[in-house]
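Chemist: Okay, here's the structure, questions in a sec.
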């Protein structure tokens, strides 16, 4: 082994930050730091993080809304150019440093605020994500009744005269013309004459068609003036007791509050010992949803009308690929689905062994996430196709996105199947497990940063974790008030959505342009034994940052005020939403200033790796510095292949 003796310039020693990481404290962290019990625990945890409820209720509807198969094409392209490279980069830097989302920025100290922004976003998402888990738990309980309550209008849960039970003999008046059009209209021509006595002209959309007067009168005489399905009213009037707007939050719904408390207790039990506990739980929580998903896929494909639903999901509208919105939706969905920009992937990879074969893991996990989204789309649209066929409605009348799909449309569709209680329990239990895995990740990310920054607190890890979970429970109470759905929607749109896009963009830019894509590739060469090829480096350095910046700017320029259904939020709520964005994003400039002060306002130092940058293990880091020194020493020799000057300070005294 060759030791390279490099003198440290006095200027470097004199300009060390006032508070810095040291090899001594870092060595203590390494000794007490957990590692995965097995490779399977890491893979299942990452799969559990990436595969969440968004795969079930968001991806299928976005595909339907943005041209079916055309959206899938756009999604695959963006997955290859943005998703997989970004996913691999987050895992790689986490494993390389063995640190959480804050510690990794030793490579580019001025960007340390990006790490804190990630933690805040994780905490914010974790706060309202558990509320969604609460809804799934609540529906599981309701599914054990003798009949699923959302299938019929019942006074005991608050149904009013505006409620109707969807069926062929109970058509709302607003849907009469559509049903008549499906039966009588010639979809390829416009009829403008009455053929004979006993017929009348009816206009629907651009079609004018003739209908027997007797049937027309019967349809309008027997239709219902109600305009909310039993499933809609059960969700809004019983589960949520929804108020008219965010201005009126009402009171806390204590049944939901109790369910929320149970969910936080489950989360606490899963993460109280860190990955040693959550790593064991994921053997069940990350695999059992696939058992349910496969059952639902097989059963859904056997239903009448399943092919109709699958056509809406898969058949492409190629013209949609020319619309910017489709590509934007694809990028936003893959950021959301792969959990990019929140630090959770960095955190999970930090518990890996330094030489773990990460390359294939990144490819495998991101591919499984995409396959799961396709499976979820099949599950959703086979059942929606069956529902539309049974009721004689176009699928556009029953397809909804977001929580409307999970808690209104799909439960209504399940209620039309044999033994609806069984299918409802399976579906909502699957959603619960998918959400639980993601919740573990968000909370672990928060606690990892806390215990990385303050290792002495690890002795009281269980107590701190419990107190924090109770704190998050209290923060989530506004989301289980009668107007809580408006709060949750606001947090999801701004605190989780817009903030995540911004942070993911800054993260990749700072890492690949601040620290440097070539330096990063050299680090991976030391860790993995090979340097990532041109595809990865070009995506990291050019393609991915450009796409992310475009999506961010386009999203800001085309942003419209947030709505819940048809209800627009007041101006003060809109400002509150942007405040939620700024709570996390403002950490970036704040910590940039803090770092400048710590580095005695020396811009050169704050823009180059900290002397303690590298693997956390002291011995591995010493070898890493030798690797860097070798590269730096051979910089002037053009015959040395793979030569990169990392721009770091010389090897610190304690590593010579």
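The backbone N, Cα and C atoms fix where each Cβ goes, glycine too.
The shown structure was predicted, so the numbers you read here are calculated from the model rather than taken from an experiment.
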Chemist: To which of 155, 337, 544 does TrEMBL also attribute binding of Na(+) at the site defined by 48, 50, 51, 55, 434, 437, 438?
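Modeler: Among 155, 337, 544, only 337 appears alongside 48, 50, 51, 55, 434, 437, 438 as Na(+)-binding in TrEMBL.
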Chemist: Match it up for me: which of 6-32, 114-140 does TrEMBL list as transmembrane segment?
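Modeler: Result: 114-140 is the stretch TrEMBL calls transmembrane segment.
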Chemist: Would you please say which range out of 462-488, 624-650 has the annotation transmembrane segment in TrEMBL?
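Modeler: In TrEMBL, residues 462-488 carry the label transmembrane segment.
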Chemist: Of 236-255, 256-275, which span is tagged transmembrane segment by TrEMBL?
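Modeler: Feature transmembrane segment in TrEMBL: residues 256-275.
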Chemist: Pick from 363-384, 385-406: which range does TrEMBL record as transmembrane segment?
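Modeler: That would be 363-384, per the transmembrane segment entry in TrEMBL.
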Chemist: DSSP secondary structure for residue 51 (Na(+) binding site), reduced to helix/strand/coil, please.
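Modeler: The residue in question, residue 51 (Na(+) binding site), is coil (DSSP, three-state).
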Chemist: How many Å separate the Cα atoms of residue 50 (Na(+) binding site) and residue 153 (disulfide bond)?
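Modeler: Answer for this pair: 38 Å between alpha carbons.
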Chemist: May I ask whether the transmembrane segment (334-351) has at least three C-beta pairs under 8 Å with the transmembrane segment (494-517), counting pairs 6 or more apart in sequence?
Modeler: yes
Chemist: Quick one: give me the count of other CB atoms within 10 A of the CB of residue 434 (Na(+) binding site).
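Modeler: Taking every protein chain into account, the count is 26.
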Chemist: Going by C-alpha distance, which of the binding-site residues 51, 337, 434, 437, 438 is nearest to residue 153 (disulfide bond)?
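Modeler: Nearest candidate: 434.
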Chemist: Based on DSSP, name the secondary structure state of residue 163 (disulfide bond): helix, strand or coil.
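Modeler: DSSP assigns residue 163 (disulfide bond) to strand.
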Chemist: Using the centroid of the Cβ atoms of 48, 50, 51, 55, 337, 434, 437, 438 as reference, list every other same-chain residue with Cβ within 8 Å of it (recorded Na(+) site), in sequence order.
Modeler: 47, 49, 52, 53, 54, 339, 369, 372
